[in-house]
Structures are given as structure tokens and as C-alpha cells.
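According to Swiss-Prot, the protein carries these features:
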{"type": "BINDING", "residues": "79, 238, 242", "note": "Zn(2+) binding site"}
{"type": "ACT_SITE", "residues": "265", "note": "active site, proton donor"}
């Protein structure tokens, strides 16, 4: 059978919090089968757990948060969640000694390296996928996102940014998902923001960790980072990275075709909730062997080495 995945060993890293600008220690721990993805704040006494759940997601101007019933939150979970989706990690406990996951370089790549350093272990329990059975679409003005039935996982994302630094030909990105494709094509794409927004937020004591080290920064005319872009279409690739993380908030890889136009965290989450709320639109599936498994989710040698 296709088995659930966790880590082989505990790994730790430090980084800076986007909101506070302070040092954060991140610890990733293996977890037993059927634990799911659990974020844990160890700076609170007692520690507070936040299971990944579409209904717990709140979108703020700076990041995605998980909020519990007592209005306690953990922030900036989206890029790590994308790395978990990319490598198909089903069970993990993620600890931080702060109210937020460190921003690292603004992409998912540092988290991918950390997960691969921990090693991926298979558990003796069937991995559950969410398979889309009916088309579900959500809209917000001219923005929209939808899932259609498809035996695999494809993503097709279009942005519409009128900015000299973003070429009109680099506003759409489509790909057939796989762990390899995620690592090579998506994981290194960084978040982006306007210099004026960062300066304004910092003047109000917010976004204190925001810098050229953890984002693509633009003014009205150009990219300000000395090293420029990692990809010509890094902006839309990062929006796809965000979507992969947002859609994994159900804790399961999804089998279906995702298409979006000008979508963001809030609309991606609205789509995920709309799918899960309609029992006719999806089902849990497991697979007995690789022959049945959609190509998108076959583990590359780098993951299960």
C-alpha cells in the first residue's frame, strides 16, 4: 500500500520572525500515523497546539495564521505548509518558541532542505488522499479559483500585476505537480512586497523582520534586490507556492486540477472549505500500490532515500 510519511529524526533551525524581527527556533518532530500536521507554540505555558485545519485559517495582510477557539494564533505557516505538501509529509509536529514560524528567505526552499535533512520515513498505515469528484468554484469580484476532477494534481495560476518589473508574459504558470517539480520549479520562489508598504508597516512596529533577505522588494519601477529574481516569473511561481500550502491545510494531498485567477490566501482557503463542505464533491482514497497511484504523488528517490 502507499504509506503515510513522517520524519526519520528531529531537526532544528533558527530564523527571524517576519512580524517581530526576533530570533525564532523551529523544531520539526516525527509523529505517529494519523497524527496529521500539528503546529505548536512552546513560548506559551502550557504549550498550545494548532492542528492544520482549513477552518482555523485566517488571512492577514502579512501572512496566513492558524487561530484556535481562544483566539490564540500562530503566524506565517504558509511556506512551511507548502514544503510539507511538496514532500507529502502526513504526520509532523512543528514547534516554535515564538508566535510565528521564521520567514527564512521568503520561500519554501529552506524548509525543504530541513525536511530532507531529517529524512522521510514511511509508516505502516495507508496514506489518505482527498480526490475531487465534482467541479467546485469560488469567486470574489473578478478573482476566482476552482477545482475540477482529474487523476493527478495540476495547477494553473494567473496573476494580473500592472508593474514594469513584471512582464506580461510571466503572469501565468502551469505545472503538473510532483515532489521533483515542486522542489525545482516552485520551492525557491520568494514572497514579494512594495518598499513603501514595508516602510509604512515598520513605522507602525509591524513587519520588523522584513528585509531584502526574505522577500523580493519592488518600488514603482523595478526590483530593488541586488541579486534580482531567481526566475523571470518568480512572482507567479510564489503565488502557486502559496496555493500549494493553502490547499494542504486539510492535511492531505489533493487529487484534482486547480485553476486560479488573481487568487490569494483567503480565496484559496475559501475554495478548500467549499470543497470539504460539499460531501458530493470529494472522497478519501487510498492506494494499494504504485501502479494505481497518480504520477503526481510517486515519491522520487531524493525523498525516500
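Cβ from N, Cα, C; glycine included.
From a predicted model like this one, the values you see are computed outputs, not experimental measurements.
Shown here: features listed in Swiss-Prot, placed on the structure.
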residue	record	contacts (Cβ under 8 Å, 6+ apart)
79	Zn(2+) binding site	101, 103, 104, 106, 107, 108, 111, 191, 241, 242, 245
238	Zn(2+) binding site	107, 189, 190, 191, 192, 216
265	active site, proton donor	57, 59, 64, 78, 242, 246
Query - Beyond the site residues 79, 238, 242: chain residues whose C-beta lies within 8 Å of the centroid, for Zn(2+) - result: 78, 82, 106, 107, 108, 189, 190, 191, 239, 240, 241, 245
Query raised in the report: What is the number of other Cβ atoms found within 10 Å of the Cβ of residue 242 (Zn(2+) binding site)?
Result: 24
Query - Local backbone state of residue 265 (active site, proton donor), from DSSP in three classes - result: helix
